[in-house]
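Got these off Swiss-Prot a minute ago, pasting:
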type     : residues : note
TOPO_DOM : 1-34     : topological domain 'Extracellular'
CARBOHYD : N19      : N-linked glycosylation site
TRANSMEM : 35-59    : transmembrane segment
TOPO_DOM : 60-66    : topological domain 'Cytoplasmic'
TRANSMEM : 67-95    : transmembrane segment
TOPO_DOM : 96-109   : topological domain 'Extracellular'
TRANSMEM : 110-128  : transmembrane segment
TOPO_DOM : 129-147  : topological domain 'Cytoplasmic'
TRANSMEM : 148-173  : transmembrane segment
TOPO_DOM : 174-189  : topological domain 'Extracellular'
TRANSMEM : 190-210  : transmembrane segment
TOPO_DOM : 211-233  : topological domain 'Cytoplasmic'
TRANSMEM : 234-255  : transmembrane segment
TOPO_DOM : 256-271  : topological domain 'Extracellular'
TRANSMEM : 272-292  : transmembrane segment
TOPO_DOM : 293-352  : topological domain 'Cytoplasmic'
LIPID    : C305     : S-palmitoyl cysteine
REGION   : 333-352  : region 'Disordered'
Amino acid sequence: MGGLYSEYLNPEKVLEHYNYTKETLDMQETTSRKVASAFIIILCCAIVVENLLVLIAVARNSKFHSAMYLFLGNLAASDLLAGVAFVANTLLSGHVTLSLTPVQWFAREGSAFITLSASVFSLLAIAIERQVALAKVKLYGSDKSCRMLMLIGASWLISLILGGLPILGWNCLNQLEACSTVLPLYAKHYVLCVVTIFSVILLAIVALYVRIYFVVRSSHADVAGPQTLALLKTVTIVLGVFIICWLPAFSILLLDSTCPVRACPVLYKAHYFFAFATLNSLLNPVIYTWRSRDLRREVLRPLQCWRRGKGVTGRRGGNPGHRLLPLRSSSSLERGMHMPTSPTFLEGNTVV
């Protein structure tokens, strides 16, 4: 094992693995590649700004300090960090890749895996919360904030461990025949294990939402009311967008784990699949704010304050420091604002 870790600072190891798994090493900085990198960086900056606005909105307004919004904020935090990780990955790609040491390469790729893991576990937590809220179960008790934070902390700890396994030793250094083509320093078995775990979790989430849907459709009174159906629709949209964005990347990684080296040319185009997957982190904040008028108002407030600071006053401008006023119901998502709530979340304020 000591011999393995001694290779972590060897600057020639990355080149050795790329030479083995790639047919050609096209690392030149062409104009098209520079344009693509610039576009991805701009996209990631938008991801960071959007999710930061969601986090600020959730943190600054006590109206959103419910279980559901804490999990929503956790998902926004993972998306924000994903944007940062994608920027770092882009800046350290291309010709820069071959100058990295293995430990730097593991840090570059591991950060993306950690944020992806956090997103998957956040979706699982949201699904469980929906089930708990539907069953009216008092899950968190009097110290609910502490327990929810512990749950969120545990999800990040598991994500760190899962994303850090390669740097801890589960890699293919000195075992070229076991290497992934898409991620040349990762062992194929590790890639297969991670994708399998994510796929099983996502299937479990889908099954849970199907169960919730049938329970809601077969129930009466407030359980099957428009408020509950609107919440179910929102979480379904969030989950559906995640699956649509990440399914191509998961598929290419599954193919990578079973395909012999240099036998599947499509694997050399994997970066397009991962670029498409980044759209998920961009779309999530749009979904939150589209489905909740209150959250949309709170998210846009910093932008309105900035415009006032620039001397541009909107028609409904006012004191930047005023409190968030109650909103009139304008959709099924807000009609249940004063319905009885369960201990796990505030029905009128939940967006997912």
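Note: Cβ is positioned from N, Cα and C throughout, glycine not excepted.
What's the neighbourhood like for these features in this structure?
Cβ neighbour count for N19 (N-linked glycosylation site) (all protein chains, 10 Å cutoff from its Cβ): 13.
Residues 65, 69-70, 72-73, 76-77, 79-80, 82-84, 86-87, 90-91, 93-94, 275, 278-279, 281-282, 284-286, 288-289, 295, 298-299, 301-303 of the same chain sit 6 or more residues outside the transmembrane segment (35-59) yet have a Cβ under 8 Å from a Cβ within it.
For the topological domain 'Extracellular' (96-109), DSSP puts the residue distribution at 12 helix, 0 strand, 2 coil.
Broken down by DSSP into helix, strand and coil, the topological domain 'Extracellular' (174-189) contains 5 helix, 2 strand, 9 coil.
Sequence-distant contacts of the transmembrane segment (190-210) (same chain, six or more residues past either end, CB-CB distance under 8 Å): 113, 116-117, 120-121, 123-124, 127-128, 130-131, 162, 165-166, 170-171, 180, 182-183, 232, 235-236, 239, 242-243, 250, 253-254, 256-258.
A mean pLDDT of 69 is what the model gives for the topological domain 'Cytoplasmic' (211-233).
For the topological domain 'Extracellular' (256-271), same-chain residues at least 6 beyond its ends with a Cβ under 8 Å from one of its own Cβ atoms are 20-23, 93, 177, 179-183, 188-189, 191-192, 195, 249.
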At a 10 Å cut-off from the C-beta of C305 (S-palmitoyl cysteine), count the other C-beta atoms across all protein chains.
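Looking across every protein chain shown, the total is 14.
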To the nearest Å, how far is the Cα of C305 (S-palmitoyl cysteine) from the Cα of N19 (N-linked glycosylation site)?
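Between the alpha carbons of C305 (S-palmitoyl cysteine) and N19 (N-linked glycosylation site) there are 53 Å.
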